[in-house]
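Undergrad: Marked as domain 'MTTase N-terminal' by TrEMBL: 2-112. The [4Fe-4S] cluster 1 binding site annotation in TrEMBL covers 11, 47, 76. The feature domain 'Radical SAM core' is assigned by TrEMBL to 129-366. According to TrEMBL, the [4Fe-4S] cluster 2 binding site annotation covers 143, 147, 150. Positions annotated as domain 'TRAM' by TrEMBL: 369-440.
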Ligand code: SF4
């Protein structure tokens with residue numbers, strides 16, 4: 001994994017910026033190096049408040065260039081880019097304070113990271129940078145499973161969970177920095193804490209265990225939307241669904257089922273493959289009727305017969321999942337599945353993908369109809385003044401991977417801004433998106 005050296009100077013506000021940038025870089029798959037010599041690139045987050053701080057920042061840039069050579073400069077001194085360029089013409093890029101987006105983009109441009117649909121936690125589009133009103137919160141690294149199409153356990157090692165207080169500290173910092181929605185990610189969120197024996201941790205004078213349900217409970221006290229990704233259907237997930245029913249965390253579960261044929265799930269060595277998934281879904285919906293389920297699937301896995309594929313389509317029809325992504329199987333270098341016999345031809349894979357998506361499109365359209373006529377609280381992600389619309393999301397949709405709410409006639413409403421919650425009335429839906437009008441003034 002590419003490694004970034006990070007030098008943070010200046011006030012506590014700058015420190016919060018540094019934490020936000022580091023969180024984002026780690027989520028994108030970068031590691032933070034302990035020293036210059038181990039780093040592939042160095043970021044210097046500067047201060048430019050007093051002359052002494054300017055001098056200190058310039059010195060830090062010079063030292064990073066001498067020791068490493070590849071340097072990006074950000075922070076307050078970034079506003080005086082001419083001064084920096086004059087002294088150090090060979091810095092790779094300069095961005096200003098709180099301009100996380102430009103800095104993280106510059107890191108990606110100068111030190112690209114490989115993205116693979118089966119192994120990356122954050123969607124490829126996610127690398128386009130999260131706006132400041134939502135953020136990914138990584139609760140563990142690595143994985144104890146051994147899915148045959150995946151090499152994460154080989155490259156990132158066994159599950160290594162962060163203690164709950166450490167996760168909460170980061171979550172709190174993100175909320176203090178303006179984040180209104182936290183997307184909890186890991187390779188296997190429901191396994192959180194098993195490696196550290198669910199270690200006890202204190203947070204806000206309460207004792208918690210470092211386990212999935214306790215983490216959900218602790219996060220629910222932060223007053224922001226909490227969204228759970230990469231959950232496997234183990235029995236203890238039911239308790240988290242109860243929290244959703246109580247309105248404490250978003251009624252949203254991202255569960256990568258990958259297939260429904262027991263034979264293929266066995267070949268894939270998927271965790272919790274013996275669970276009766278349909279029963280679990282029914283049970284969850286009984287506990288929390290509002291629950292939205294997102295999943296991903298792979299078609300054309302080695303050995304997948306027409307019968308296996310039909311089992312998958314039948315499952316889709318019965319499960320009526322809300323949001324679904326589908327990939328055709330492709331080899332990942334070093335994965336055990338590469339040795340499996342009975343490869344499916346590219347042509348059949350494509351046909352199955354199209355058949356799959358045709359079934360799912362109808363289901364998705366049907367599921368979205370249940371929101372038509374309702375009033376929903378949404379968060380605004382983007383405003384397009386030239387089209388007089390805003391793109392927003394309900395708590396039922398995750399950014400970047402799910403659908404959006406298209407709010408019409410927003411130009412006359414002052415206070416409509418990115419990251420603001422508003423109430424809207426949904427008046428129509430298509431396969432993926434909802435259409436709405438503003439119902440109330442922004443909160
Ligand atoms: S659960 Fe399976 S697919 Fe996910 S990271 Fe672990 S081994 Fe890979």
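Using N, Cα and C of the backbone, Cβ positions are placed for all residues, glycine too.
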Undergrad: Please work out the helix, strand and coil residue numbers for the domain 'TRAM' (369-440) from the DSSP assignment.
TA: 4 helix, 33 strand, 35 coil
Undergrad: Please report the DSSP secondary structure of residue 76 ([4Fe-4S] cluster 1 binding site), reduced to three states.
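TA: Where residue 76 ([4Fe-4S] cluster 1 binding site) sits, the three-state DSSP reduction gives helix.
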Undergrad: Can you tell me how many other Cβ atoms are located within 10 Å of the Cβ belonging to residue 47 ([4Fe-4S] cluster 1 binding site)?
TA: 21
Undergrad: Cβ under 6 Å from ligand 1: which of the binding-site residues 47, 76, 147 qualify?
TA: 147
Undergrad: By a simple count, how many Cβ atoms lie within 10 Å of the Cβ of residue 143 ([4Fe-4S] cluster 2 binding site), its own Cβ left out?
TA: 22
Undergrad: I'm trying to understand the geometry here, so how far is the Cα atom of residue 76 ([4Fe-4S] cluster 1 binding site) from the Cα atom of residue 150 ([4Fe-4S] cluster 2 binding site), in Å to the nearest whole number?
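TA: Computed Cα spacing between residue 76 ([4Fe-4S] cluster 1 binding site) and residue 150 ([4Fe-4S] cluster 2 binding site) is 42 Å.
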Undergrad: Can you break down the domain 'MTTase N-terminal' (2-112) into helix, strand and coil residue counts using DSSP?
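TA: Helix/strand/coil tally for the domain 'MTTase N-terminal' (2-112): 59 helix, 21 strand, 31 coil.
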Undergrad: What is the interatomic distance between the Cα atoms of residue 147 ([4Fe-4S] cluster 2 binding site) and residue 47 ([4Fe-4S] cluster 1 binding site), given in whole Å?
TA: 46
Undergrad: Could you state the whole-number distance in Å separating the C-alpha atoms of residue 150 ([4Fe-4S] cluster 2 binding site) and residue 47 ([4Fe-4S] cluster 1 binding site)?
TA: 43
